Each structure stands twice: as C-alpha cells, then as structure tokens.
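Enquirer: Let me begin by handing over the structure; questions about it come next.
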Amino acid sequence: MAAQSAPKVVLKSTTKMSLNERFTNMLKNKQPMPVNIRASMQQQQQLASARNRRLAQQMENRPSVQAALKLKQKSLKQRLGKSNIQARLGRPIGALARGAIGGRGLPIIQRGLPRGGLRGGRATRTLLRGGMSLRGQNLLRGGRAVAPRMGLRRGGVRGRGGPGRGGLGRGAMGRGGIGGRGRGMIGRGRGGFGGRGRGRGRGRGALTRPVLTKEQLDNQLDAYMSKTKGHLDAELDAYMAQTDPETND
C-alpha cells in the first residue's frame, strides 16, 4: 500500500557521467592560459596609463594648477637668500659713518661699552669718522671695559667731535684713539687695556689677558653674529640706560 501511494520519481536529462568527470571538465574549461593573463594585464596597464596621462594633461591645463606649478617650493638657499651673516641680520646697528669699522666681520657696536665712553642714547650708534681697524674679532666681550682680542691698530678711533648729542663722556677717546699716542682711554671694567700713552686699565687682569687662537676668536665672533639685530638693540639700550645715570654723576 505504501509503495503504491508514493509516486515514482523520474529524472529527466539523466547522464552516466560521474561527478568527478563533470567537475574535471568544468575546471578545464574555466582555466585560462597564462599567456592570456599576461596579455590582459598588459592591456589593462596600457589603458590605465593612457587614462592617467589624459587626466594629468587635463589637470595641467587648469589655470589653478598652472599657477600652483609656477610657485614651486624653492630650495633652502633660495628662500633664505644669501647665506652670509650680513644678509640675515640686515643692516648693522645704527648708521655707521664712513670707514666706521673696516674688517672681515660685520660692523656693529659690540656689547659692553666702557663706562662713560659713549653717551647720547641711540645717537651713539653712529661711530666716528676714522673708524676702527680690526681683523673681524669682537671688540667687547660683555664687560664694561674695552677688551679687544686682536688689539686695535694705532689711532683706532679718530675724530675730535663725539657721536650723538652728548659727545664723549668721561674716560673717553682723545685724538690719538684707543690705546694710541694721545690720552687714550681709561677702562673702568674688568680687564681694561693700556696703550702707549697714559691710557691704562684699572681693572683686574689689564695686561695679563690670555692669548687666544684664531679658531677660538672666530667661534666667539660667529656666536655673537648669530644674534638678531633686535636682540643686540635691546642689550645696547639696557646698557646705555645703566651707564647714563653713572655718567651724569
């Protein structure tokens, strides 16, 4: 009764091929040749490169992109301009007169002017006409006395008139200049120096200053020159504010 009630299953399109044979044939049909893969990849790359070239050409033709390409980033030297110290620091402090400081270094009034040496506030930044003859080393090292490392030449600072409105203050430079044949200058700070005339140093170590090598002097000069003009102006103004009350005593 159960066999009669169940309908007979009839499979159409039957085959005698086994599953192994069927899947083997399917794998053979689907597997492409390696040469075809390489050729298709090269074709795709060529198409992509052609599209990229067209896109790049369209981008270059845009006005905004053309303007940006003209403003390419400059090299470090081009952005900084001249690599020397004078170009980075600009003009020296104040207006230097003719032949103010002749030497290899940048002509600037160094730190630590002698007490009572130059007066007149900002007007003291104009040096005398004869100028100083140095070899590029720093004039003043930071104290209140003139302490040149290489020494000034004879008749270093010449001129009868003084810079600025106050002229030359106490202990100032005479006609013979610093350490010259005239009265010279009285260095009141630590380690002043004595010239051929009556100029003398009243501080400690006036004539016993150690001799430094050229490399050490150049290193000191480079360290000083690396400071900006604003920093030097601030130091000079602070020092002149300290020395003005003392000179007016």
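Keep in mind that glycine also has a Cβ here, set from the backbone N, Cα and C atoms.
What Swiss-Prot records for this protein is below:
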type     : residues : note
COMPBIAS : 158-196  : compositional bias 'Gly residues'
CROSSLNK : Lys70    : SUMO2 cross-link
MOD_RES  : Ala2     : N-acetylalanine
MOD_RES  : Ser40    : phosphoserine
MOD_RES  : Ser49    : phosphoserine
MOD_RES  : Ser64    : phosphoserine
MOD_RES  : Thr243   : phosphothreonine
REGION   : 152-205  : region 'Disordered'
REGION   : 154-207  : region 'Interaction with PRMT1'
MOTIF    : 195-204  : motif 'GAR motif'
Enquirer: Please identify, among the recorded positions Ser40, Ser64, Lys70, Thr243, the one with the smallest Cα-Cα distance to Ser49 (phosphoserine).
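Expert: Of the recorded positions Ser40, Ser64, Lys70, Thr243, Ser40 has its Cα closest to that of Ser49 (phosphoserine).
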Enquirer: Pop the mean pLDDT for the region 'Interaction with PRMT1' (154-207) in here, whole number is fine.
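Expert: So the average pLDDT across the region 'Interaction with PRMT1' (154-207) works out to 43.
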Enquirer: If one measures from the C-alpha of Ser40 (phosphoserine) to the C-alpha of Ser64 (phosphoserine), what distance in angstrom results, rounded to a whole number?
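Expert: Their Cα atoms are separated by 37 Å.
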Enquirer: Ten-angstrom check, please: count other Cβ atoms within 10 Å of the Cβ of Ser40 (phosphoserine), all chains counted.
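Expert: A count of 11.
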Enquirer: Work out how many Å separate Lys70 (SUMO2 cross-link) and Ser64 (phosphoserine) at their Cα atoms, rounded off.
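Expert: Cα-Cα distance, Lys70 (SUMO2 cross-link) to Ser64 (phosphoserine): 10 Å.
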Enquirer: How many other Cβ atoms sit within 10 Å of the Cβ of the residue listed as 'phosphothreonine'?
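Expert: Around the Cβ of the residue listed as 'phosphothreonine', 19 other Cβ atoms lie within 10 Å.
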Enquirer: Including all protein chains shown, what's the count of other C-beta atoms within 10 A of the C-beta of Ser49 (phosphoserine)?
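Expert: Other Cβ atoms found within 10 Å: 10.
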